Amino acid sequence: MMITRSTIVSLVLLLCLSFGALASDGPDRTARKYYKKGTDAFEKSDFDGARTNLQKAIENYPSYADAYFKLGNVALKEKKLQEAVSDFAKATSIDPAHADAQLALGRIYLAARKPEAALQRVDTILKRQPDNLDAILVKGSALLLEKRTGDAIRLLDPLYAKGQRDVNLIVLLSSAYFKKADPDNGKKILESGIAKHPQSTLLHLQLANFLLRRGDLKNAQATMETVVKIDPDNAAHAIALARLYWQTQDKEKAEHLLARSLEQNPADAPGRIAIANFYLEEKQIDPARDILLAGIAAGDPGVALKLALGELYIKTGNAQAAVDLLKSDLEQNQTAGETERNQLRNALAKIYIAARDPATAKTYVEAVLANDPHNLQALASRGMALKATGNPQAAIVDFNQVLARQPDFLGGYIQLADAYVMRRQLQAARETLDKGLHLAPHNRELLMAAYRVNLKDKDYKQAETHLRTLVEESPDAVDAQAELGDFYLALNDESSARREYSEIVLKAPRSPIGYIKLARLYLRQGKKASAVAQLRKGYQQGGKNPLLAAELITALLTAEQYDDAMALCDARLNEKPDEALAHDLKGKVMTRMKKFKAAQKAFEKAVALEPKWPQAGNDLAALFILQDKRKEAIAQFRKALADNPKNPVAYLTLGKLYEDKREYEKAIEIYKKGVGQVPGFWTAANRLAFLIADRTTSMETLDEAQKIASAAFRMKPGEGMIVDTLGWIHYKKGETEQALALYEKLIAAAPEDPLINYHMGAVLEKDGDIESARKRLKTATRGDTAFMGRERAEAMLKKLGSKS
């Protein structure tokens, strides 16, 4: 073939065009300039500036993979996980060989417990870079997550054999051998890593955990002492070591260690809070409070310590003290920045929402949003307040705003789904929870919420799947397994229920829940002896747990084994002479044996030990009623109040006696006096609110009752009796959506409680769900238990028709 001149000219032109294309293939100077500015801003933690410049770089060069990768890192720093995933994915779509972006995605999927997706990302890297250590480590972690322990060892062992001693490799490979039940090899690998990296706290911590699993507390302590020496400024290490000292009863050593940590780092607010929380976990309330107060007195520059102190007050049942503390700081500290003031407002809103006072919560939330319209915590709190005031549609708008800006806020999916449930949009609720589960497929709260929504939607198969996943992923979550047993029992599958309850007993022999659930199943089947035997076993195994004591006494009385019941009470009183419960249980046994004087003495001792405990006071009142001694009892307790107007037992017992006589106005009068005379008297406040609400249809009076009940809830957060009262007030006000939201939680905790079943049945009937109402009313009236409203429950069931 002859090469003509025209052919040569064509080739030259083609080459020129090719070089021109190559020269323009890549970011231009302007794009690179913005990229550098963005990178510099990122290094200085100026994330707004970094984002702005990186986005400009991308505008100038849309295929800028490095810019997308860096943008993903900005999103990670700002905890915007979904944005980060999107940016990293864009980088890899532009350049599949971008190892850093692929690796970042692999790590995110690994953290989200999505090992298959993580493996896909790192395998892409390893095809091109088979020796990429970071990718190998992510792959090893993913294999372990998939329980492919052998594959993980085969991947990692060759690196170790070649002399690689990277800290993360040592941790991962030793973990694999521990999982393989080869602790000797695991320990050997760890020790070789420590020899290479003697200052690695990570390796020492891994060794300490291994020693703890083996029950070698002494060497675990020694290892943790080394960790504290290596990193003395880390409060978390000091707390871990203190916890070990505490377990071996060397509390003085623990206290000295934590005091030294506070002295060395007096301005470390997070460390101080963590140490206070340690004491709180160990039920050492005074030291926990004093540690926080000392930090505040020393001049806490922000509000973190005050917020932590408020949390402590809430956790110890003193929500009002938390409110007073935070309100005082908000009103007096006018020099604080708006960010700190908004933190205080948000904390107050959270307390009022928890206290079932959404109107007050909303005032604080609106104050935040007035100067920070996009404050996510405030939007979420407003959504919760709107739900509580019966406006789920507006709440949906707020929760959608929150999730649009923070898609990885898992609690937002639960709240949004709850709002859809209130609107009876069950499919929307299910889809919302599915989105959350896509991000975190094994999240406990999401799985439980999805279970409840599917159960409400009568999709029993999917409900079971969610609950079964939760049990399999969290084998220690015995409450979830108990829920699974209850699920089967509700479907009359007693065999499957028994299997789940029995498994709880095997895996958690010291927990009372498995024994109690099994015993109640046996009682339902008429197997009284089996119920008693199961509870006796649990009582001995569970360290004579008070819940099991009460359940066992009840079972013995049901089986008419009075001597055994009395022997159990006497044995418990020998060990715990000042336990109100033991005296109350003895009073119940004596009552059943018709030894009324001894019963009265036992109940009076119980109420003297715990004057505000409603059970003992109710039992004492019931004893007088049983003997038809109301008149004498009323006179006795009126005299007691005249002698001591601050006697809580007298108020409760007298109120109960008037209630039984249906003299409700007198009961209301007594409870009002009690609330005025006895500080923190939540039991009397709750009864007062309930009686006021139960006897009126006036919205004004119901609002008054709601305020009283909310105040009681602040005194005793989470108390089921108060939640019941609040639910009943919503029912009386015609707010069935809010009432159902409360009663569903109560029923989950006490599925057989007659009063709660009656109240929920009444709400369901008003809501038009006749079938569910009938079921609840049948449960309420099944036995012969007396409760306020029983006659109404029976009449309502008769009206609805008692279908099977």
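In case you wondered, yes, glycine gets a Cβ from its N, Cα and C as well.
If you check TrEMBL, you get these features:
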- 65-98: repeat 'TPR' (REPEAT)
- 99-132: repeat 'TPR' (REPEAT)
- 201-234: repeat 'TPR' (REPEAT)
- 410-443: repeat 'TPR' (REPEAT)
- 580-613: repeat 'TPR' (REPEAT)
- 614-647: repeat 'TPR' (REPEAT)
- 648-681: repeat 'TPR' (REPEAT)
- 720-753: repeat 'TPR' (REPEAT)
- 1-23: signal peptide (SIGNAL)
(message) Under 8 Å between C-beta atoms and at least six residues away from its ends: which parts of the chain pack against the repeat 'TPR' (201-234)?
(response) 167, 170-171, 174-175, 178, 183, 186-187, 190-191, 193-194, 240-241, 244-245, 247-248, 257, 261, 264-265, 268, 271
(request) Give the one range among 65-98, 99-132, 410-443, 614-647, 648-681 whose Cβ atoms make the most pairs under 8 Å with those of the repeat 'TPR' (720-753). (result) 410-443
(request) Could you tell me what the rest of the chain brings near the repeat 'TPR' (65-98), counting residues at least six beyond its ends with Cβ under 8 Å? (result) 27, 31, 35, 38-39, 42, 45, 47, 50-51, 54-55, 57-58, 104-105, 108, 121, 124, 128, 405-408, 439
(message) Six or more residues beyond either end and a Cβ under 8 Å away: which residues meet both conditions relative to the repeat 'TPR' (580-613)?
(response) 546, 549-550, 553, 557, 562, 565-566, 569-570, 572-573, 619-620, 623, 626-627, 647-649, 652-653, 678, 680-683
